[in-house]
Number of protein chains: 2
Amino acid sequence: MQTDEIIRLMSEAGLRITDQRKTLAKLFADSPGYLSPKDVYDHMGRYYTGLSFDTVYRNLRVMDELGVLEQVMFEEGVKFKAHCREAHHHHHLICLHCGKTYPLTLCPMDMTEIPEEFKVVKHKFEVFGYCKDCTGEAEAAAAGSDG
Amino acid sequence: MQTDEIIRLMSEAGLRITDQRKTLAKLFADSPGYLSPKDVYDHMGRYYTGLSFDTVYRNLRVMDELGVLEQVMFEEGVKFKAHCREAHHHHHLICLHCGKTYPLTLCPMDMTEIPEEFKVVKHKFEVFGYCKDCTGEAEAAAAGSDG
DNA sequence: ATAAATGCAAACGCTTTGCAGTAAC
DNA sequence: GTTACTGCAAAGCGTTTGCATTTAT
C-alpha cells in the first residue's frame, strides 16, 4: 500500500493524521518487509526526540485493527507490515535476515484434504530463508548457531 | 511419543528423572494437543503443592532443547507438545478450542516453486479450526467476537 | 558425596494503562 | 472548543535468573 492510501484510510476511519502517523504510514509504505515494534520505534526515534514506546504500540494496534497493517507472530515476537492490497489471496517467502517478503501464488489449502468434520477457520503458510541479497548471511548464521 | 520413551531419552541425555519430570512426560505423552506453559502449570499444580512456574519453564525448555517436545508460536503465545516421532515429515490441523492436532500428509513445499536465489531454511504450514468435538464452540466464538 | 533440580523471590523484557498536557479537527 | 493523540510513569504479564535447599544419581 502507498503512503497516501494508508493515510486516506486512517482519515476516513475518523483517526487524526498526526505527524507521527504520517511518518508511520510512509515507513510501512516504503518498507519491503516485516518490522518489529522496536524497529519502528528506532526508526521513528530518529525524527521524534520524546518518542515513547507506548505511542508506537498504540498506533501499531490501531493500524492493525483498521487493516492497513498486518501482524504476524515470529519466534522473536510480533512483527508488522503494510497490508497486501492484492485481490488474490497469497502467502509469502520471508527473508530471515532483511525481513523482505516475496509473494507465493500457490495456496496449499487448494490441494489439502480436510476431513468434513473439521471446520477450518484460518491457515498459515510461510516459507523462511535467505533472499538473494542475504545468502551471505545464511552461512554466518549457520556458523554462529549450535557451534 | 510414549511416556517411557520420553523418560528414556531424558535419562540418556544425563538428566535426572524427578517425579515432576515423570509427570511431565506422562502429561505430554497422553496429551493429544498443544499445551501452554500455564496449561502445564495448572496440570502439574494438582500434584505438586509448592510448584513454581520457573521450574515448569525450565523443564519445558530442557525438553524442547532435547527434542522430546516441540514448541510452536501461537497468537496467544508459545505452546508445547510431544515431538512427533513419525518418520514422515508432516503438518497439522489444530483445533482452536481443545488444541488437539491431526496430521496432514501433504506438505506444500513439494509443490511450491521457490526462486533459485532464495535459500529456504524452514517453513510453516498450519490449519486452524474446530474439530468434530468442538464445532459447537465455533458458533460460540463467532457470536462472541466482533459483536 | 556430588551435582543437578527445585522453590522462592526478585528481576527482566515486552506490552498496556491512567492521567495530564498537547494538538488535530 | 472539543475530543483524540501523545508522553510520562507505573503497572501488568509472561519468562528468566540467583541463590539456598532438596533430591537423584
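Using N, Cα and C of the backbone, Cβ positions are placed for all residues, glycine too.
Sequence-distant neighbours of B:HIS123 (Fe cation binding site): residues of the same chain at least 6 apart with a C-beta under 8 Å from its C-beta are B:PRO108, B:MET109. Sequence annotations record features per position, and here TrEMBL assigns Fe cation binding site to B:HIS89, B:HIS123.
Annotated Zn(2+) binding site per TrEMBL: B:CYS95, B:CYS98, B:CYS131, B:CYS134, in sequence order. The Cβ of B:CYS95 (Zn(2+) binding site) has 26 other Cβ atoms within 10 Å, all protein chains considered.
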Filtered binding-site residues - B:HIS89, B:CYS98, B:HIS123, B:CYS131 - keeping only those with Cβ under 8 Å from chain A: B:HIS123, B:CYS131
Distance from B:HIS89 (Fe cation binding site) back to B:CYS95 (Zn(2+) binding site), taken between C-alpha atoms, in Å: 20
Three-state secondary structure, B:CYS134 (Zn(2+) binding site) (per DSSP): helix
Among B:CYS98, B:CYS131, B:CYS134, the most crowded of the binding-site residues [Cβ within 10 Å]: B:CYS131
